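Enquirer: Straight from TrEMBL, here's the annotation block:
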- 25-169: domain 'Flavin reductase like' (DOMAIN)
- 172-196: region 'Disordered' (REGION)
Amino acid sequence: MSTRPAAPHACDGACADTGDLRSLMAAFPTGVAVVAAADPAGEPIGMTCSSLCSVALDPPTLLVCLREHGPTAAAVLASGSFTVNLLDDRARDVAELFASGAADRFAHVRWRPGAAGPHLVADAHSTADCRVDRRYTVGDHVVVLGEVERVTVRREPRPLLYGMRRFKTWEGAGPPADPAGRLAARTHATTDNTEN
């Protein structure tokens, strides 16, 4: 894992107001995930995250942004691995739970250990197991790039969305267009029947 802290930077009056940035990003709806890892004692740690994106297909790489001094970032960086659990449209309460800061979040959900961290088997339609490749500190957050080592698809994606400061479902959600049948082949190949 490589680490490159960002150069210290203080706004000299040229930076946008944080409220304006929040309003800007609220108008950009995203999917909702729980990023999770095991802490050094093996206990599951996780947080709701909508600041994630794919970076590359070769090698398959995801990017997540975590609060630098939060317990999830500490667990991810200490273990060198993490999971990205993409939440179902029925999992709004789970998204709120993992955004709450409650200490016993995993006591209220069905989960199992995965190759890179906890899998939310009842609330996530898909999970990516990732190995930390590099990290960058930017302001009060750490940007983590993770190589995707495995994808588990449990069921047809019906994603939970977040935008304009509220949760929504994708109207008319159904299977994505997949003319080559790749998703069906991938789903069959990566579904883990031990989660049922």
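In case you wondered, yes, glycine gets a Cβ from its N, Cα and C as well.
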Enquirer: Across the whole of the domain 'Flavin reductase like' (25-169), what does the mean pLDDT come to? Round it, please.
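Expert: Summarising the domain 'Flavin reductase like' (25-169) by its mean pLDDT gives 92.
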Enquirer: DSSP on the domain 'Flavin reductase like' (25-169): how many residues come out helix, how many strand, how many coil?
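Expert: Residue counts in helix, strand and coil order: 23 helix, 77 strand, 45 coil.
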